[in-house]
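Undergrad: Below, the features straight out of TrEMBL:
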type: TRANSMEM; residues: B:6-27; note: transmembrane segment
type: TRANSMEM; residues: B:60-79; note: transmembrane segment
type: TRANSMEM; residues: B:91-113; note: transmembrane segment
type: TRANSMEM; residues: B:140-158; note: transmembrane segment
type: TRANSMEM; residues: B:179-205; note: transmembrane segment
type: TRANSMEM; residues: B:211-231; note: transmembrane segment
type: TRANSMEM; residues: B:238-258; note: transmembrane segment
type: TRANSMEM; residues: B:264-282; note: transmembrane segment
Amino acid sequence: MKLSSKWVQLAALAVLVAVLPLFFPSGYYYRVGALIFVNGLAVTGLVILIGYAGQISLGHAGFAGIGGYACALAPEHLGLPPSLSILLGAAISALLAVLIGKPILRLRGYYLAVATLGFGILVSMVLTNERALTGGPDGMAVQGLALRKILRGWGWRLSSGEFWYVMSALAMLLGVWIALNLFQSATGRAMRALHGSEVAARTVGIDVARLKLQAFVISAVYASVSGSLLALQNKFVTPDIAGFMHSIELVTMAVLGGVGSVVGAVTGGAILTLLPQVLTVFAEYEQLVLGLVMILVMIFLPRGLLPSIAAKMKGRGE
Amino acid sequence: MDALLQFLLSGVTVGAVYALVALGFTIIYNASDVVNFAQGEFVMLGGMITVFTYQAGLPLPLAAVLAIAITSLVGVALNKLALEPARGAPVVSLIIITIGASIFIRGAAQLIFDKQLHRFPSFSGDQPIHILGATLVPQSLWVIGGAVLVFIGLWLFFTKTLTGKAVLATANNRLAAQLVGINTGWIMTLSFALSAAIGALAGVLVTPITLVGYDVGVGLALKGFAAAMLGGMGNPKGALVGGIALGLLEALTAGYLSSQYKDAVAFIVILAVLFVMPQGLFGKSTTERV
């Protein structure tokens with residue numbers, strides 16, 4: 001990739017995030033923007049797992065569910081402020097990722113896919129069935145973040161949409177920065193070696209099992225924080241957040257944009273978040289179009305939207 | 001004791017449907033190394049097309065045959081239009097293509113048909129059969145019989161016929177199969193048609209018991225996928241055993257533990273089996289080539 005310098009990518013994203021609101025015709029667009037960033041954060045985590053380390057997960061929405069429900073349950077039952085609940089959710093997700101990752105990550109390809117899928121379904125099933133605690137399929141309310149009140153005290157009167165636009169954008173940029181750093185680090189290089197060939201990576205002395213687990217745990221934390229932010233800004237959370245379709249959406253976003261590159265994957269996330277908003281006019285055809293887009297991109301731009309386009313432009317320039 | 005028998009009977013019925021879906025998975029996986037997440041949509045199409053052609057006035061057997069034929073064509077189209085152009089793509093891309101196809105087919109079904117649940121009459125009445133204190137609807141026998149016949153048919157096809165052996169050869173090594181004169185393109189078409197037909201047959205058989213709607217495919221695909229994995233991907237015997245085992249597990253859990261968590265226990269058992277036997281019950285272990 002030509003635009004490979006870490007800072008160029010990060011700066012491009014930051015400028016985009018800062019400039020976009022100038023063109024927003026209404027407050028509603030802040031909500032859509034915040035949603036894009038929240039998805040972008042989860043998708044960046046998947047880039048580390050799928051794009052760097054080459055392991056698949058069809059159950060990452062399970063971690064998003066844990067993050068989301070941590071923000072709903074911890075303030076109510078443990079008296080924890082929502083901001084600390086995000087950390088609690090992330091810690092639980094990381095712990096769970098270690099526990100299930102150890103046995104699961106020995107599996108490969110489709111077997112790993114079904115094992116992670118099973119995990120995701122188990123989480124969403126618990127959230128749906130434990131009505132007494134989680135409110136069942138109807139979901140439950142989530143407290144707001146105290147930070148917004150504090151900011152108001154300082155004279156910064158942000159609407160809910162604006163506040164979450166900024167918060168989600170910061171969270172995503174932080175996530176992207178960490179992912180880009182990881183890419184260039186020794187750990188990141190080892191992960192990519194593992195992606196290339198597990199046997200070869202092991203031969204040159206890479207602790208394959210440990211590395212896979214690291215990638216899995218890191219991406220689980222990303223998904224968990226993304227789920228927390230989603231629950232906090234919606235002020236509501238339902239078991240759908242942990243559902244199979246959400247897992248599929250996240251993986252599709254990552255692969256659609258280009259799972260090898262963070263910026264590409266975030267772009268994919270933006271497109272798939274925007275698509276339903278655009279298609280509300282043709283609500284009847286939404287599924288038809290979504291399915292078609294998934295198939296066509298994978299056939300004609302197999303490396304994902306952004307890397308394929310970048311490669312084409314590079315080819316033309318030479 | 002009566003209760004146990006009742007659970008076993010309903011478990012085998014559900015399991016037979018899972019086995020049919022898993023057999024469909026197995027055929028496509030064997031021929032092309034693709035796990036087809038749209039397999040559940042074939043079941044939905046089988047049921048839905050039968051419902052609507054039957055309501056249009058066609059006799060039920062004819063409606064069923066028509067549904068199976070149309071679904072086979074959809075299967076062939078899936079291969080020609082979506083999978084063949086992406087040959088050699090990584091596993092993740094293939095998973096996304098077939099999931100995309102499944103969403104597409106569901107969206108189309110919702111437009112062409114409707115969002116209601118439908119059924120058509122059972123093949124041989126609804127008078128329950130009493131066996132040792134437990135009851136069984138006659139349609140269950142059709143489902144179980146259908147699964148067994150399809151399994152025997154596939155076994156004969158793969159072991160006794162030249163075409164069946166050609167499918168296995170193609171699965172083993174596509175290039176080598178071409179070199180000995182096998183028309184691998186045609187074999188691929190045949191595999192997708194066969195797999196879709198089996199899926200549609202499952203839909204036709206089970207609709208009188210469970211009803212059919214445009215969105216029943218996802219759940220069935222997941223269960224069939226899990227069953228195929230449990231038995232060991234690519235092994236017809238594994239698909240049959242995995243499907244029945246999954247059905248029994250669900251029925252017993254629903255009966256004795258909790259009906260809410262019946263799906264959960266199925267996935268827990270699958271995880272456990274994969275931990276102990278990472279290749280499934282009947283799968284062969286493979287070595288990675290560098």
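Each Cβ is built from the backbone N, Cα and C atoms, and glycine gets one as well.
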Undergrad: Please report, as numbers and ranges, the same-chain residues at least 6 past the borders of the transmembrane segment (B:179-205) whose CB is under 8 Å from any CB of it.
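TA: Result: 17, 20-21, 23-25, 27-28, 30-32, 36, 39-50, 64, 67-76, 78-80, 84, 139, 142-143, 146-147, 150, 163, 166-167, 169-170, 212, 220.
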Undergrad: What residues in the same chain, six or more past the boundaries of the transmembrane segment (B:238-258), come closer than 8 Å to it by Cβ-Cβ distance?
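TA: 3-4, 6-8, 10-23, 25-26, 147, 151, 223-224, 226-232, 265-266, 269-270, 280-283.
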Undergrad: When you look at the transmembrane segment (B:264-282) alongside the transmembrane segment (B:91-113), do they share 3+ Cβ pairs under 8 Å, ignoring any pair fewer than 6 residues apart in sequence?
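TA: Answer no: the transmembrane segment (B:91-113) and the transmembrane segment (B:264-282) share fewer than 3 Cβ pairs below 8 Å.
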